[in-house]
Amino acid sequence: MKEESILKKCDSSSIKHVPSTPLETNCPDKYNPKTWPIRLKVRNVIVISSMTFLNQYGDSVFAPSISNIAEQFHASRTLVTLGATLYTLGILFGNLIFAPLSEQFGRRPIYLIGYSVFALLQIPIALSVNLAMFLVFRFFSGLFGSVGLSNGSGSLADLFEKKDRGKYMVIYFTVLSIGPGIAPIISGFISQSSIGWQWEFWILLILSGFNLFWAFLLLKETYPPVLNRKKFEKYGEIGENEPVALRLTGKQLLIKLLILLSMKKPISILLSQPILICVACTIGSIYGMINLVLIAFSEVWKSSYDFSPGISGLMYISITLGLFSAVFIAMPINQKFYSYLVKRNGGEGEPEFRLPMGFIGITLFEIGILLFGWTARYKIFWFVPTIGSAIMGGGYIMTSNPLNMYVVDSYGIYSASASAGVKIFQLLFGAIFPLFAESLFRRLNYGWGCTLLAFILLACGCSLPILFKYGKQIRNLRPFDPSKY
């Protein structure tokens, strides 16, 4: 392809004679992703975003069919909901394993191997003969499908300078966020058809296989220390202060894997970095709540409004519209405000400049969940609770995107490992909250149940103004040193 030929042509001029100070050249350096042609970067972003989208699509893909699956396997709705919980726990463990492994072997092989297994695992899920088989393979599906989620933000940090990263981070995190909202729209009609809930997973297999084909063709390695290792092995020299990933022996790699599974590294990073604790609590709460609502959403329309499964699935469009509205209206405004703060700060960007939109996002999410809960409680005309769910979806994007970008900007090439600590909280909350959905709304009704959720989020979100005002001082109190982990 054109971009690859440019990289090959410039290889000798930009790499062969690498001094201690980076060489000035107009040619892109194939060992430095930040210098690649924009089209090559965008291709990587599209493939990685698609992987993450389908992983999140799989999270709620069977939500409209929970009752059907429960009936087939002679189980309760809560037990079947474990399929979502275990999937999310699989994503959690995948983040702990695949993010650091990419820092040893590179991003590309981790993406391709993990995603190949994810695609194949849809087969035994669709062919499950009992609930245990369904739940076990759902866990492993989440585990191997997490490669996009665990390494996506790190890949974007590899590809783009901080000043150019914002719009691509918005694309990535938006595609990530809309997956759970789109899946039930399709699955709702499948659940009421005669073809059976299994086709929800056959469709996921087809989509994953198609995306995997393009990943093998288009995805390039982007992790700088691994690229520097390749450069050093080929040319025998690299620039000063350029990080290099060391090759581990089989025994060293096994020890590292055991440490990863113990969660030592991400938990150590999380507990040693106050800003990560604040971000983790906020993102964890809002992610858990959106997962809870997604699981309960279809049942709200069936029980309160007597909608069919297909029409109930269509109601998820309101959440998706809220997500898209936030992307095309709110996030560009946030980027302009970020540029304004950078200009006011003498042209120097700070991670805290990403946060202002988060204040508005949390407020909107709370307004949306209260409006949805109380109007559904009193069975007010169906259009009104959809307004609440749309506001809720927009608030979710406007909160989670700035916070995720804040972590990426704060930790740079180590953002994959830093994000893993945050994702422990996020995914634990996302796994646990849906289990409470049925009992929460049965005991407190939709109005008071959503009010309780709003108060929990309010308590967690109080940290955002503190981070915006004092985040830099807090970061300087406990500087991040990757060698300690």
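Using N, Cα and C of the backbone, Cβ positions are placed for all residues, glycine too.
As the structure is a computational prediction, the values presented were derived from the model and not from experiment.
Long-range contacts of the transmembrane segment (79-99) within the same chain, counting only residues at least 6 positions beyond its ends with a Cβ under 8 Å from a Cβ of the stretch, are 55, 58-60, 62-63, 66, 69-70, 73, 110, 114, 131, 134-136, 138-147, 149-151, 154, 257, 260-261, 263, 266, 291, 295, 416-417, 419-420, 423-424, 427-428, 430-432, 434-435, 437-438. For 79-99 (among others), the entry in Swiss-Prot reads transmembrane segment.
Annotation source Swiss-Prot lists transmembrane segment at 117-137 (among others), citing sequence analysis. Long-range Cβ contacts of the transmembrane segment (117-137) within its own chain (Cβ-Cβ under 8 Å, at least 6 residues beyond either end) map to 55, 58, 69, 73, 75, 79-80, 82-83, 86, 144-145, 147, 198-199, 201-202, 204-205, 208-209, 212.
Sequence annotations record features per position, and here Swiss-Prot assigns transmembrane segment to 139-159 (among others). Long-range Cβ contacts of the transmembrane segment (139-159) within its own chain (Cβ-Cβ under 8 Å, at least 6 residues beyond either end) map to 33-34, 36, 41, 44-45, 48-52, 54-56, 58-59, 86-95, 97-99, 102, 107, 110-111, 113-115, 117-118, 121-122, 125, 165, 168-169, 172, 176, 222-224, 404, 407-408, 412-413, 415-416, 419-420, 423.
Under 8 Å from some Cβ of the transmembrane segment (170-190) lie the Cβ atoms of residues 45, 48-50, 52-65, 149, 152-153, 156, 196-197, 199-200, 203, 290-291, 294, 297-298, 309-314, 316-317, 319-320, 323-324, 327, 331, 335, 393, 396-397, 400-401, 404-405, all in the same chain and six or more residues away from its ends. Annotation source Swiss-Prot lists transmembrane segment at 170-190 (among others).
Feature annotation from Swiss-Prot assigns transmembrane segment to 199-219 (among others); the stated evidence is sequence analysis. When Cβ-Cβ distances below 8 Å are used as the criterion, the transmembrane segment (199-219) is approached by residues 43-44, 46-48, 50-51, 54, 57-58, 61-62, 65, 108, 111-112, 115-116, 118-119, 122-123, 125-126, 183, 186-187, 190-191 of the same chain, each at least six residues removed from its ends.
Positions annotated as transmembrane segment by Swiss-Prot, on the basis of sequence analysis: 275-295 (among others).
The transmembrane segment annotation in Swiss-Prot covers 313-333 (among others).
If one looks beyond the transmembrane segment (355-375) by at least 6 residues along the same chain, the residues whose Cβ comes under 8 Å of a Cβ in the stretch are 282, 286, 289, 293, 322, 326, 330-331, 333-334, 337, 384-385, 387-403, 406, 446-451, 453-454, 457-458, 461, 464-465, 467-468, 471. According to Swiss-Prot, the feature transmembrane segment maps to 355-375 (among others), an assignment based on sequence analysis.
Per Swiss-Prot, the feature transmembrane segment maps to 380-400 (among others). Tertiary proximity for the transmembrane segment (380-400) is limited to same-chain residues at least six positions away from its ends with a CB under 8 Å from its CB atoms, namely 173-174, 177, 181, 282-283, 286-287, 290, 293, 297, 300-301, 305, 307, 315, 318-323, 325-327, 330-331, 334, 357-358, 360-373, 461.
Among residues of the same chain six or more beyond the transmembrane segment (421-441), those with a C-beta under 8 A of the stretch's C-beta atoms are 77-78, 81-82, 84-86, 88-89, 91-92, 95-96, 149-150, 263, 266-267, 269-270, 273, 276, 279-281, 283-285, 287-289, 291-296, 299-300, 407, 449, 452. Look at Swiss-Prot and you will find 421-441 (among others) tagged as transmembrane segment, backed by sequence analysis.
If you look up Swiss-Prot, you'll see 448-468 (among others) marked as transmembrane segment.
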- Task: Determine which residues of the chain contact the transmembrane segment (448-468) at the Cβ level, with the cut-off under 8 Å and only residues 6 or more beyond its ends counted.
- Result: 275, 278-279, 281-282, 284-286, 289, 292, 352, 355-356, 358-359, 362, 365-366, 369-370, 372-374, 377, 399, 406, 440-441, 474
